[in-house]
């Protein structure tokens with residue numbers, strides 16, 4: 001039986017990147033020499049007579065000695081499930097993938113080989129028992145086991161589509177779930193692996209810090225199939241600074257900021273795997289699907305984070321602000337056109353404040369929550385133009401992010417409050433989409449009254465293709 005590795009976990013390797021301008025490629029990310037210390041099979045992890053507290057497989061905190069070596073519950077459960085199911089994993093790379101706490105889910109083939117190298121003994125596995133005690137029938141019902149996955153088991157091995165259909169990797173008999181077959185799913189506020197949210201935060205920091213040297217020649221209307229892989233064709237990567245110190249924005253400044261936000265979104269798409277590995281045409285399809293609500297949500301969060309003195313102002317990445325009473329259109333000879341455009345722009349601005357900024361401020365949304373929301377928004381499998389295999393990979397990645405976000409909330413708030421907050425956060429995506437449609441109606445009006453704003457911005461933010 002052949003099983004592929006979880007694609008989203010490739011992004012965890014970005015944690016090893018130190019330069020914002022660095023070019024990321026799969027071969028570099030998976031080479032073991034870029035990882036942190038990982039004990040080899042011939043090294044002792046502790047002094048003689050002293051039990052190590054570090055897992056010899058992934059360097060995570062060990063839970064004890066399992067199958068002959070010191071290991072964590074995650075690696076113990078992974079090894080036991082692999083041996084019991086007789087799986088045969090195949091590495092898609094050079095059989096030298098980095099196996100540590102952040103990258104242990106990148107390649108199951110290399111992880112199992114690492115288990116063998118450090119001395120785990122397949123013969124030590126008892127088919128009828130594990131740490132939770134003797135089980136009457138550990139694999140009696142796959143459908144029941146689907147409902148009994150704990151948070152720790154979900155994050156120990158990132159979810160995949162065929163997980164429960166073919167092998168029930170993380171069933172309730174897994175020691176990582178610490179429950180018997182008769183106990184229903186329990187989501188408790190205990191420490192969980194939140195490395196996915198850490199990875200997403202690092203991705204965000206990398207993209208925000210990207211800046212171009214002076215002299216970048218941008219084009220008014222570059223070919224979008226080229227701009228998706230060379231975003232600087234749209235505009236240079238200037239410093240993202242939402243402090244509002246540069247004063248009020250006029251229409252030209254707003255348009256320049258919209259172009260900068262498009263570049264930011266393209267950079268994000270080119271950094272977040274598995275989207276980063278897609279064909280440019282598929283990347284462009286993803287970008288067109290998310291770019292307007294994505295920019296709205298990002299700008300709304302940064303507006304709240306800026307903590308400016310004007311709560312009804314929208315803060316822009318250039319350091320300007322857009323006050324509630326700011327007029328964007330000059331009163332020219334066509335008075336009716338001016339009034340229509342100004343009223344529509346004011347509607348968009350008011351929707352942005354009432355539906356995005358105020359709820360984010362009221363909920364006190366944190367950065368881990370926001371980076372997870374943006375990833376969930378970007379990892380949408382229901383985009384026209386995506387291949388079936390691409391959709392499958394994106395579904396896996398999205399489920400991984402959703403599970404990590406919910407586990408994070410459970411750890412902070414408890415199950416009941418976490419469930420409520422999780423729902424409220426997801427509704428912010430819906431709110432951002434509603435604001436995006438009001439922005440699209442503004443561009444529709446500008447077309448109707450023959451008022452030219454910016455061809456590229458209209459092409460990317462107008463939603464007539466949906």
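Cβ coordinates come from backbone N, Cα and C, glycine included.
Whatever TrEMBL says is automated annotation, not expert-curated.
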Stated TrEMBL location of region 'Disordered', expressed as one of 165-185, 186-206, 207-227, 228-248: 165-185
Candidate ranges 81-101, 102-122, 123-143, 144-164 [criterion: TrEMBL lists as region 'Disordered']: 123-143
Segment confidence, the domain 'Nuclear receptor' (52-127), expressed as mean pLDDT: 84
For the domain 'Nuclear receptor' (52-127), residues assigned helix / strand / coil by DSSP: 26 helix, 8 strand, 42 coil
